[in-house]
Amino acid sequence: MTDSEVDFKGPTINPLGLVLFARSHRLAATPFKEFVKRRSLKADDTRRTRAAELTLRQSIYPIFLVTILFFLWGFSYGLLDTLNKHFQNTLGINAARSAGLQAAYFGAYPLASIGHAAWILRHFGYRAVFIWGLFLYALGALLAIPALKAESFGGFCACIFIIGNGLGSLETAANPYITVCGPPRYSEIRINFSQAFNGIGTVIAPVLGSYVFFNFGDDRAMANVQWVYLSIAVFVLLLAAVFFFSDIPEITDADMADMEFQAQETHVGGSADKPFWKQWKLFHAAFAQFCYTGAQVAIASFFINYTVNTRPGTSDPDASKFFAGAQAAFALGRFAGVGIMKYVRPRWVFLIFISGVVIFLIPSITERGNTGMSMLYVVLFFESICFPTIVALGMRGLGRHTKRGSGFIVGGVVGGACVPPATGAAADYFRKRGHRFNYALAMFVPLIFMGLAWVYAACVNFVPEYKHVVDSLGKANIGISNANNDMVNEGSSTSKKSEKPREDHGAGRRAGHKDARCTSAVATASRDS
C-alpha cells in the first residue's frame, strides 16, 4: 500500500468505539430529555394518568403546594376589604365608588374562569394555569406601585383587575384540582381544609392593614402599601418557579371520565354522558355561587363601615381589628366544618351552615352596637364552608366536563362585582334619606342574595336528581381501595415500586374496556358539547 493510498483512506476508525461513543452520548442526553419532558406544561387529555385515583398519602404533596395558593388569594381578598375603607378616608370617595375595587377584582373572574384560564386549562393543564395565574398576580402587584404613587384610584382599580384575572385563573384550576386530587368521598373535606388557609390569609391581611394603613399619615400609609405589593410580587414569582420545577400530577379528562364510570358501576350514576349545555345542575350551582359570593363579599366589604356606623366610639383601626376577628371566625368555621363532615354528609352540613347565615343576617339589620356586630361574627362563621362546598357539590358527576364546568362555577364569583356596589348604593341612599344606621339597613341586599343561594342547598338535599348525583361519588371507593392494595402489596415486589410511570406525572396503567370507554368519551367531547 502506497503513502498516497493511506492518505486517501484516512485514519482507521474502530467500529466498537463508535458504538460506545453513541451509547454514552444517548445516556448523557437522556436526563436532559427527561428533564425537558417533565417541564412540559401540555397534558394529553385523551390519556389516563390515574392521578384522579391517588390515595390520601400520594396526594399530600400536590395538595400542600396548591393550598399555598388558597392562602395567597385569601390574603389578597382581606387586603382589598381593608383598602376599601382606607381609600374612602384618603381620597374622599363614597361607599358606592370605593366598591369599585371589589367590582374590578371580582369582575375579572369570569374573564379568567370562562375565558383565558379555561382555554389554558383545557389545552395544556393545571400546572400551566397555576403558573399563568401567578404571573398575572405578580404583574398586577408590580403595576400597583406606580398607581399608588400617583394616588390614582382608577389606575389602582385597573391593577386590581389584572390581579383579579390572576387569582381568577388560580381559582379556576385550584378548586377543581383539590376536589379531584385524591379519594372522591373526601373531596368536600379536602377543599374545605385547603380553603381554611384562605381564611387564615383573610385574617392576617386586616391585622396588617390596621397597623400599616391606619396608624400613619396618608403619605406614609401609601408608601407602606407599595412595599406590601412589592413583597407580594417577589413571593408570587418565586412560587411560580416552584410550580414549574415541581412534578405535580396532571388530571386529564380521561381520568375524570373513568372515575365517573367507576362510580356508575356500583351506584346511581351522574349525567356526564350528556352534552355540556344540558348539565343544568351545574348551571344552578354557578348561579348559587354568584348569589352567595356576591352576598359574602358585600358583607365583608362594608364590615368596617358597619361597625363604625352602628357601634358608637369605634375608630377605623379598631373596626379593622374587629374585622380580623370576624375573619378568624370565618377560618375557624372552615376547620370546624371539615371535622363535622367526617361524620355528617357534606350536603347536610352545607344546608345547616347556609341556613345559619340567613338566620343571623336578619338581626344584623335591626340590632346595633355589640349585638349587631356579634351577629356578623356568627354570619362569617357560617359562611365559611359555603363557597368551597358549592364548588365540590356542583362538580359532582361532570366526568369529562369537569375542567369546563369548574370554570363556570368559579365564574359565579362575578357576583362579588355586582352585589357590593348595590349594597354601597343602598347605604348611600339611606344616608341621604337621613337614616343614621344606613349601613345596617343596607344589609338587606346581601340577605336577598343569600336566600337565593339557600335554594341550591335545599335542592341538593331534597331533590332526587341532585341528591343521587352528589351521593354517587361520595360512596365510591376510588382511592380508598387503591390504598388498601398498596398496603397489601407493599414490600412484595421491589420491581413494581421502581417502575417508571408511562405517562408524565402519573401512573398510566391501561385498564382494558374502561380505558377504551374513557378515551372514546373524551374524544367525542367536542362533538357532543
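Heads up, residue numbers simply count up from 1 along the chain you see.
Keep in mind that glycine also has a Cβ here, set from the backbone N, Cα and C atoms.
All TrEMBL annotations are machine predictions without curation.
Taken from TrEMBL, the feature compositional bias 'Polar residues' applies to 485-495.
Annotated compositional bias 'Basic and acidic residues' per TrEMBL: 496-517, in sequence order.
Annotated region 'Disordered' per TrEMBL: 485-529, in sequence order.
The transmembrane segment annotation in TrEMBL covers 60-80 (among others).
Using a Cβ-Cβ cut-off under 8 Å and counting only residues 6 or more beyond its ends in the same chain, the transmembrane segment (100-121) has close neighbours at 77, 80, 83-84, 87, 128-129, 132-133, 153, 156-158, 160-169, 171-173, 293, 297, 301, 403-404, 406-408, 410-411, 413-418, 420-421. Among the features that TrEMBL reports, transmembrane segment is placed at 100-121 (among others).
Remote same-chain residues near the transmembrane segment (128-147) are listed as 41-42, 66, 69, 72, 76, 112, 116-117, 120-121, 155-156, 158-170, 172-174, 226, 229-230, 232-233, 236-237, 239-240, 243-244 (criterion: CB distance under 8 Å, separation of at least six residues from the stretch ends). Taken from TrEMBL, the feature transmembrane segment applies to 128-147 (among others).
The transmembrane segment annotation in TrEMBL covers 195-214 (among others).
What TrEMBL records for 226-246 (among others) is transmembrane segment.
As annotated by TrEMBL, transmembrane segment applies to 282-304 (among others).
The transmembrane segment feature in TrEMBL is assigned to 348-366 (among others).
The transmembrane segment annotation in TrEMBL covers 372-394 (among others).
Within the chain carrying the transmembrane segment (437-457), a Cβ under 8 angstroms from the stretch's Cβ atoms is held by residues 95, 284-285, 287-289, 291-292, 294-296, 298-299, 302, 305-306, 309-310, 347, 350-351, 354-355, 357-358, 361-362, 364-368, 372, 386, 390, 415, 419, 422-424, 426-431, all 6 or more beyond its ends. The transmembrane segment annotation in TrEMBL covers 437-457 (among others).
Beyond the ends of the transmembrane segment (348-366), by six or more residues, the same chain brings 292, 299, 306, 333, 337, 340-341, 372, 375-376, 378-379, 381-386, 389-390, 393, 440-441, 443-444, 446-447, 450-451, 453-454, 457-458, 460-461 to within a C-beta distance below 8 angstroms of the stretch. Counted as Cβ pairs under 8 Å, contacts with the transmembrane segment (195-214) are highest for 60-80 among 60-80, 226-246, 282-304, 372-394. Long-range contacts of the transmembrane segment (60-80) within its own chain (CB-CB distance under 8 A, at least 6 residues past either end) are made by residues 101-102, 105, 130, 133-134, 137, 160, 163, 167, 170-171, 174, 177-178, 181-182, 190, 193-195, 197-206, 208-209, 228, 232, 236, 239, 242-243, 246, 248-249, 300, 327.
Residues of the same chain lying 6 or more positions beyond the ends of the transmembrane segment (282-304) and with a Cβ under 8 Å from any Cβ of it are 77, 81-82, 84-85, 95, 99, 102, 106, 202, 316, 319-320, 322-323, 326-327, 354, 361, 376, 379-380, 383, 386-387, 390-391, 393-395, 398, 401, 405, 408-420, 422-424, 427, 439, 442-443, 445-447, 449-450, 452-453, 455-457, 459.
For the transmembrane segment (226-246), the list of distant contacts is 39, 65, 68-69, 72, 75-76, 79, 127, 130-131, 134-135, 137-138, 141-142, 144-145, 148-149, 208, 212: same-chain residues at least six beyond its ends, Cβ to Cβ under 8 Å.
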